[in-house]
């Protein structure tokens, strides 16, 4: 049983790191960024569920549901912002979003 | 009464200075003169009580500084040398006040002048009556300040300003030595009171200061530092340059400050500290060498000066040298005697020079005078009395003190005594020469000035003549009258105020030196006077003929042995260069600004600029920084416990700072791209 737990946790960490890498290595679309964020949230969800099962505690699954809703809301708002941004700028390339400099 | 002596001149100064505009010029002048006259009268009583009746007076008024061991009172000590100084200071000051009423009568700022004069007298009295070094220092600095104010009386003249600054600053060099000496005194004796210091002095004779691993005898160091103060104030060789320049002030000022009172303060300090100087043979030798060099230098310089006042100023300098080397021969009583006598005939000479200048519409150049003997017989007789007294003509005042100084030095057992005797005797010759050169050029030679000046020459007014007459009486009789009192064999006039070691007592030996040595200075003086008259009357053409060959020699003496030139070109120039280029440009505006406000602001501005350059505007950079930061803190939090066992926590700060540098170098590269 312990071996399976590590598999699950390892998978979720891998997914999380993939999402993170997607965020800061990404130079193309903002959509990819949103997708990466979704991926990270997904990895966290997986972790919550894994712990919930292995600790035999329901709170982890409750949290996973909350995160699902939050992720949905977040991606909805994010996409809406993206649409507005595209209307104004006409592009969603990440490299072009550098108007605010230090 | 004793406190009234000290504070009456202050009252007079305040009345003339602060209320002068209500009293009016003449009234404040008369008031100040009256106050000084009354002070002089009180000083005579004090002289009778303290000097003749041998009852020294000691007044402790109230504490000034109390700080654990350090305790200074405002207290006044009237002993023999103090009352002699009191008589000298107040009499000359009173006569100068009286003289100035007429001499400065046309000046719109007469009350200010009177106020300064009285203020100066007050500080001089503080100086001579103090019973500790600190209070003496108040007077010392006070007379320095007043000399600045008085030399600078005509403050619109740039020369007067420069001379006053020079007097102040050159004096300040000596004062620095004096204050160092006072610190050494306090370090050694833990007090500045005269009586404690002088009583404890024999105990520390063999003690040393350790200064940069040099072992220096305490008493010698203290004495030499006090002597540095005296060098500044008494215009000894090295710091003498201010005295002739101080002739820029009005003539009564020269008479008061630079003849009778202020310059004597240095000699007074040495005489006052006789119990200290006696214990240091080195310091006494230094006194003797410096004094005799000053006497000789000033006398030779005075030979070829062309300004009436400058000639007298150099003779002052020369006579001060006599006093100092008399102190060096441990005959303080003779130095004091000469100081008192010198005050009278020097004041007489200066005031008479003032009368001549006054009569000639402020012409000071001797080459433009001449032939005044018929026009100004009174001033002529006065200056002859003063000059004869100065050159030590037998039975005049100067004879008794000046010749006994030379005899004492001759009979002294001290090693540089021969040197001092030779220089002193030569200086006596030169003194007579320049005195009679002055008399001849001003009074006896053919008239050389403008005819209009000679047409309006007038005899000395009464208010100016009266002080001259009184001083002339002083110049003739004072020496004879007080000779037995001050120098007489076994006189107990000085009481405990002057101390000399029995093995250095020279007064007895001096009586029994060979007669031809005794009369040598007088003969040389007479010879000098005679040569001067001869040169400037019969052999004038010879002098003109000679001038072609000895031009360099003439310039050398006329330019004061090039002291001023050397000081200006070597010392002054170097310090001005140092002040501007080093301390101002390199240090003040350089290092300090670079590491201080300017550099710091520039550094923080650059830092802030580079920090802000980290915000490139690119999302992925922000996220990368976020990731790095989170990783760092998570790493510290989760692994810190294990890492800290191996790593010193302070290294993290080093790491952080190093990180900054890496970041900045990166941002620079980014900028370059």
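Backbone N, Cα and C atoms are what each Cβ position is placed from, and that goes for glycine too.
Keep in mind that TrEMBL annotations are predicted by a computer and have not been checked by a curator.
Taken straight from TrEMBL:
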type     : residues  : note
DOMAIN   : B:64-114  : domain 'NADH-Ubiquinone oxidoreductase (complex I) chain 5 N-terminal'
DOMAIN   : B:130-415 : domain 'NADH:quinone oxidoreductase/Mrp antiporter transmembrane'
DOMAIN   : B:512-634 : domain 'NADH dehydrogenase subunit 5 C-terminal'
TRANSMEM : B:30-48   : transmembrane segment
TRANSMEM : B:76-101  : transmembrane segment
TRANSMEM : B:113-130 : transmembrane segment
TRANSMEM : B:136-155 : transmembrane segment
TRANSMEM : B:167-189 : transmembrane segment
TRANSMEM : B:209-232 : transmembrane segment
TRANSMEM : B:277-299 : transmembrane segment
TRANSMEM : B:372-399 : transmembrane segment
TRANSMEM : B:419-443 : transmembrane segment
TRANSMEM : B:463-482 : transmembrane segment
TRANSMEM : B:519-550 : transmembrane segment
TRANSMEM : B:619-639 : transmembrane segment
Across the domain 'NADH dehydrogenase subunit 5 C-terminal' (B:512-634), what does the mean pLDDT come to, as a whole number?
86
Stretch contact, the transmembrane segment (B:76-101) with the transmembrane segment (B:419-443), Cβ-Cβ under 8 Å, 3+ pairs:
no
For the domain 'NADH-Ubiquinone oxidoreductase (complex I) chain 5 N-terminal' (B:64-114), what are the DSSP-based totals of helix, strand and coil residues?
29 helix, 13 strand, 9 coil
